[in-house]
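Below is one structure, written out as structure tokens, with a few remarks after it.
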């Protein structure tokens, strides 16, 4: 029996789109290697590698990490996964990165989570935390018994700066400006597969069905039912 070609996939979606949840399910069901630019960056900064030190110097100055540094970081890691199916997450973020990636390997598919910004804003701004314990509340799904108060200690809840409406709006606008050209780049190549919806659990079965046309489900339990 012919061995199917290895899958080279990218997942894209704005912050709060459910990308982490979807990626975890893809890994569980299809056994792909997940390569997250954020995780790789943190790992390199922690280990104080040459690229890590360089990247940290930009972050400390509040600057974006230049394309060539992110590209070098990701391509080095990708080379070590040439025998595996993989899913890139957080890269490429710019057309220059996409073009550099294209020179090194052929991407099969780009999964785009098309979740309305209003839905994401509601989702992210509904999150409040109790700083001392790290308990997280969501005003929609798991609200505190008394608004603005921790259930256990009675202490006030706070909203992380990242979750404040004005910050969320800025992050979404920045994502849109940066990645629209990348989505267009892959759309022109016929590689973009967009999945629209407002709930991860309703989008997931469509992504699962699409990936089943490319890879077998390797999860042992309940393989017939996508979760």
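Keep in mind that glycine also has a Cβ here, set from the backbone N, Cα and C atoms.
Since the structure is predicted, the reported quantities are computational estimates derived from the model, not experimental observations.
What TrEMBL records for 16, 17, 18, 19, 20, 21, 127, 136, 137, 200 is GTP binding site. Close to residue 127 (GTP binding site) in the fold, though at least 6 residues off in sequence, lie 136, 137, 138, 139, 159, 160, 163, each with a CB less than 8 Å from its CB.
The region 'NMPbind' feature in TrEMBL is assigned to 36-65. When pLDDT is averaged over the region 'NMPbind' (36-65), the result is 90.
As annotated by TrEMBL, AMP binding site applies to 37, 42, 63, 64, 65, 90, 91, 92, 93, 97, 160, 171. In the shown protein chains, 13 other C-beta atoms lie within 10 A of the C-beta of residue 160 (AMP binding site).
Cβ atoms under 8 Å from those of the region 'LID' (126-163) belong to residues 171 of the same chain, restricted to positions at least 6 beyond its ends. Sequence annotations record features per position, and here TrEMBL assigns region 'LID' to 126-163.
Taken from TrEMBL, the feature domain 'Adenylate kinase active site lid' applies to 127-162.
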Cα separation, residue 16 (GTP binding site) to residue 63 (AMP binding site) (Å, whole number): 22
Maximum Cα-Cα separation in Å among residues 37, 42, 63, 64, 65, 90, 91, 92, 93, 97, 160, 171, which the record lists as binding AMP: 31
Cβ neighbour count (within 10 Å, all chains shown) around residue 16 (GTP binding site): 23
Cα-Cα distance, maximum over 16, 17, 18, 19, 20, 21, 127, 136, 137, 200, record's GTP binders, Å: 20
For residue 93 (AMP binding site), the number of other Cβ atoms found within 10 Å of its own Cβ: 18
Site with most surrounding Cβ atoms, counting all protein chains shown within 10 Å, from the binding-site residues 18, 20: 18
